[in-house]
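As annotated by TrEMBL, active site, nucleophile applies to 102, 106. What TrEMBL lists as active site, proton donor is 106. Marked as domain 'GH16' by TrEMBL: 18-216. For 110, the entry in TrEMBL reads N-linked glycosylation site. Annotation source TrEMBL lists signal peptide at 1-20.
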Ligand SMILES: *[C@@H]1O[C@H](CO)[C@@H](O)[C@H](O)[C@H]1NC(C)=O
Ligand SMILES: *[C@@H]1O[C@H](CO)[C@@H](O)[C@H](O)[C@H]1NC(C)=O
Ligand SMILES: *[C@@H]1O[C@H](CO)[C@@H](O)[C@H](O)[C@H]1NC(C)=O
Ligand SMILES: *[C@@H]1O[C@H](CO)[C@@H](O)[C@H](O)[C@H]1NC(C)=O
């Protein structure tokens, strides 16, 4: 009887081990909650749908447990629908060090029926102030769209679905402001930014619409974990580090040109009040 029990237990262990190996990592295996556990929900198959909430009491945030050094990192986001004025959803890579490196997507909410603004920024060695802002060609609160970073030793590309919306290139002129030394985590947060986000802070949050919910799915990372020397030294390069990923394709250059001419509403490189002589990287990144 006892032997049968032990055998049965061993079989159960073996089966659940096999299942654990098969199923993709869960939210808890990939991420940790940074603030407000009770404002973060995971649902869906294998906990694959994540929701961040903001109400009068709190916003919330999660981050990946691992830090990455180069790679392609992506998630699908669906932003707060309806009246989202004053609400900011930030989705970014950050080294979280004193002299931090950071790549930001920040979604600035708006009054119902008015479009979101997508702000991007690049921090290198603790210095940011490289904002660009664009309007999107779709309503980001209606459906999930992919927001991705491609990061190798040649350039950093911000993608919205398959469309590049920003490039930060490495050249001899930009080596001091390129990001290549600090591993970064993927972080997302939702918070009250009604002091500045919508029409310069004139539009306040309408709390009658709370809780404000941003949803996340399809976390993908194809890259090197911090400290994985074998990955970094890999000579049979992964796709994101092959020559074809070292620069934009002709089609991508064209698509970026369309985004800049049709959807860009602000570029620090073109802000001559703020930057009478444009920062060095502005000469190699698209104008
Ligand atoms: C959930 O896990 C099962 C394996 O246990 C897998 O077949 C399925 O594709 C997973 N679903 C999602 C949405 O990841
Ligand atoms: C966890 O990360 C892996 C990629 O490393 C991904 O395939 C899986 O879907 C992720 N799970 C969740 C719940 O995000
Ligand atoms: C909100 O909508 C107004 C009017 O369409 C627009 O000017 C503004 O850029 C939008 N975004 C924000 C964050 O204010
Ligand atoms: C090296 O890259 C190849 C191609 O992407 C991949 O199959 C292999 O797992 C990588 N090796 C290491 C150690 O990361």
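Every residue, even glycine, has its Cβ placed from backbone N, Cα and C.
All TrEMBL annotations are machine predictions without curation.
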Chain-internal residues near the residue listed as 'active site, proton donor', provided their CB is under 8 angstroms and they sit 6+ positions away: 88, 89, 90, 91, 92, 118, 119, 120, 121
Nearest-integer angstrom distance between the alpha carbons (Cα) of residue 102 (active site, nucleophile) and residue 110 (N-linked glycosylation site): 25
Among the recorded positions 102, 106, 110, which have a Cβ atom lying under 6 Å from any atom of ligand 3? 110
Take the domain 'GH16' (18-216) and average the pLDDT across it for me. 95
